[in-house]
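What follows is a set of notes on a single structure, which appears directly below.
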Amino acid sequence: MVPSQEEAAAAAQGTGEAQLPGPSPVEDAPQSGPGTSNGPEVAAEKVELELARPAAAEPPEPPEGGWGWLVMLAAMWCNGSVLGIQNTCAVLFVAMLETFGSKNDDKMLFKTAWVGSLSMGMIFFCCPIVSIFTDIFGCRKTAVVGAAVGFIGLMSSSFVSSIEPLYFTYGIVFACGCSFAYQPSLVILGHYFKKRLGLVNGIVTAGSSVFTILLTFLLRVLIDSVGLFYTLRVLCIFMFVLFLAGFTYRPLVSSTKDKESEGSRFSLFSRRKLSPQKKFFNFAIFKVTAYAVWAVGIPLALFGYFVPYVHLMKHVNERFQDEKNKEVVLMCIGVTSGVGRLLFGRIADYVPGVKKVYLQVLSFFFIGLMSMMIPLCSVFGALIAVCLIMGLFDGCFISIMAPIAFELVGAQDVSQAIGFLLGFMSVPMTVGPPIAGLLRDKLDSYNMAFYLAGIPPFIGGAVLCFIPWIHSKTQRESKRTVEEKMEKMLENQNSLLSGSSGIFKKESDSII
């Protein structure tokens, strides 16, 4: 199942609440200007801290319901339509091969695989950029424009005459629109819910699993009855509803306060000559060694992650030609992925600190193992069992991403930490399926492609094993540094006290 960010909203409510600035602390910020001993750089850092503080200091109280329930349903539709279409791309992949395929073209699988993988990669590649637009323009505008762009891209894809234009219309335009519509749906939940945020995120997360199950059969029926192009036009209905759903993301803070707050923030930036890029792109999180290792290990593990989602249906059609309802394999992944998110998300609550990483290591081990077992399944029932296990541990991998990020960088930076990670994930998820298609074209079999797809999860999991040790070592060093600083402060205080007591004694003697 496609990795999602709902858990980011659950783990760090600052993601949503940080979008709601409060004017009063910002107005006080200029008074904390440079002191006599601090210097301009320290003063600039103080101003930046003041700018980051107001949202967390006085956020509007979430209503915990009311209009928020409608927002939850809109976010669920967004999660389901965007990720559901991506998760069922294996069905569209087969239809594209049948529509554009040519017996004279020995690289058709390679070319067609780029459509789905490029679409998936662009959704995650745009995540860090979309977060900036959400900060500047708000959730509603960003989501509505994104859904409109996605609608245009998907509708344009239904008028192409060859596979190449789909790289742009489906792989870039549609995917970028989906990314801009998807990200605000995660942020807005933190505006309306706090106490019930876990429940709400569970419901929203379930949207992708439900839509994956339904779209698996719906796409097959539509393609068989009306063909690929009319199927894409039917999917445009999902994007149009998503366009309407974006209007429900009503901001809780009045527009007047927003404008006043934004104006004061930008005036402070210009007055102090602080770059807005410093606020939007927090590259300092990469100084956290454990996070840097995590941001390398996860992408390493994902080079084979998306291969089954693109090529599994083609493999099933070749291996089990006599079977009916072959789409059930994708449905199995969708069902158990939803179960895995709920189950392992709850288990992660009982695993202390950064040791949650070991759950991701476990999930990568089983995902890699199940990928390698796909070509070994000579019975359709065995393949269903493999897909059930793969989906379960796929849900495990997804559900604990945000809790791990929270442990590594803290609540204040968790949003950008996950944004950067998703951006890095876009590269292996884009490259993996075309390579698998090329291997199938050359070897006339998917066996080697699935065997190789199982290796990266083992490598990435091995890298992640070092994170708890690195994190604990860093914490010990930080604690030692703090203790040394405290000792120096105490020594300085003692010396000042002894000096002042000496002066007081001299003054007393002179008075006597």
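Backbone N, Cα and C atoms are what each Cβ position is placed from, and that goes for glycine too.
Note: TrEMBL annotation is automatic and uncurated.
Sequence annotations record features per position, and here TrEMBL assigns region 'Disordered' to 1-45.
Per TrEMBL, the feature compositional bias 'Low complexity' maps to 1-19.
Look at TrEMBL and you will find 69-94 (among others) tagged as transmembrane segment.
Annotated transmembrane segment per TrEMBL: 114-136 (among others), in sequence order. A Cβ distance under 8 Å defines the sequence-distant neighbours of the transmembrane segment (114-136), meaning residues of its chain 6+ beyond its ends; these are 2-3, 5, 19, 82, 86, 89-90, 92-93, 96, 142, 146, 163, 166-167, 170-172, 174-176, 178-180, 182-184, 187, 280-281, 306, 309-310, 415-416, 419-420, 422-423, 425-427, 429-434.
Annotated transmembrane segment per TrEMBL: 143-161 (among others), in sequence order.
The transmembrane segment feature in TrEMBL is assigned to 167-192 (among others).
Listed as Cβ neighbours of the transmembrane segment (199-223) (distance under 8 Å, sequence separation of 6 or more from its ends, same chain) are residues 1-2, 4, 6-7, 9-10, 68, 72, 75-81, 83-85, 87-88, 91-92, 95, 185, 189, 193, 230-231, 234, 327-328, 330-331, 333-335, 337-338, 341-342, 345. As annotated by TrEMBL, transmembrane segment applies to 199-223 (among others).
Taken from TrEMBL, the feature transmembrane segment covers 229-249 (among others). Same-chain residues lying 6 or more positions outside the transmembrane segment (229-249) and placing a CB less than 8 Å from one of its CB atoms are 67, 70-71, 73-75, 77-78, 81-82, 85, 92, 95, 99, 138-140, 143-144, 146-148, 150-151, 154-155, 157-159, 177, 181, 184-185, 188, 219, 222-223.
Taken from TrEMBL, the feature transmembrane segment applies to 280-308 (among others). Long-range Cβ contacts of the transmembrane segment (280-308) within its own chain (Cβ-Cβ under 8 Å, at least 6 residues beyond either end) map to 90, 117, 120, 128, 131-132, 135, 333, 354, 357, 360, 364, 367-368, 371, 374, 390, 404-405, 408-409, 413, 416-417, 420-421, 424-425, 427-429, 431-433, 436, 449-450, 452-457, 459-461, 463-464, 466-467, 470-471, 474.
Taken from TrEMBL, the feature domain 'Major facilitator superfamily (MFS) profile' covers 285-512.
Listed as Cβ neighbours of the transmembrane segment (328-345) (distance under 8 Å, sequence separation of 6 or more from its ends, same chain) are residues 1, 7, 87-88, 90-91, 202, 205-206, 208-210, 212-213, 216-217, 308-309, 312-313, 316, 359, 363, 383-384, 387-396, 398-400. Residues annotated as transmembrane segment in TrEMBL: 328-345 (among others).
The feature transmembrane segment is assigned by TrEMBL to 357-376 (among others).
Per TrEMBL, the feature transmembrane segment maps to 382-406 (among others).
Summarising the annotation, TrEMBL assigns transmembrane segment to 418-436 (among others). Panel annotation: around the transmembrane segment (418-436), residues 3, 5, 8, 110, 113-114, 116-118, 120-125, 127-128, 131, 285, 294-295, 298-300, 302-307, 309-311, 401-402, 405, 446, 449-450, 452-453, 456 of the same chain, lying at least six beyond its termini, place a Cβ under 8 Å from a Cβ of the stretch.
Summarising the annotation, TrEMBL assigns transmembrane segment to 448-470 (among others). Sequence-distant contacts of the transmembrane segment (448-470), counting only residues of its own chain at least 6 positions beyond either end whose CB sits under 8 Å from a CB of the stretch, comprise 289-290, 293-294, 296-305, 307-308, 311, 315, 353-355, 357-358, 360-361, 364-365, 367-372, 374-375, 408, 428, 432, 435-437, 439-440.
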Next on the checklist: Let me spell it out: take the transmembrane segment (69-94), skip the flanking residues so only those 6+ beyond its ends count, and list any with a Cβ under 8 Å from a Cβ in it.
Outcome noted: 1-2, 4, 6, 112-113, 115-116, 119-120, 123, 143, 150, 178, 181-182, 185-186, 188-189, 191-193, 200, 203-208, 210-212, 214-216, 219-220, 223, 228, 231, 235, 238-239, 241-242, 245-246, 248-250, 308-314, 317, 327, 330, 333-334
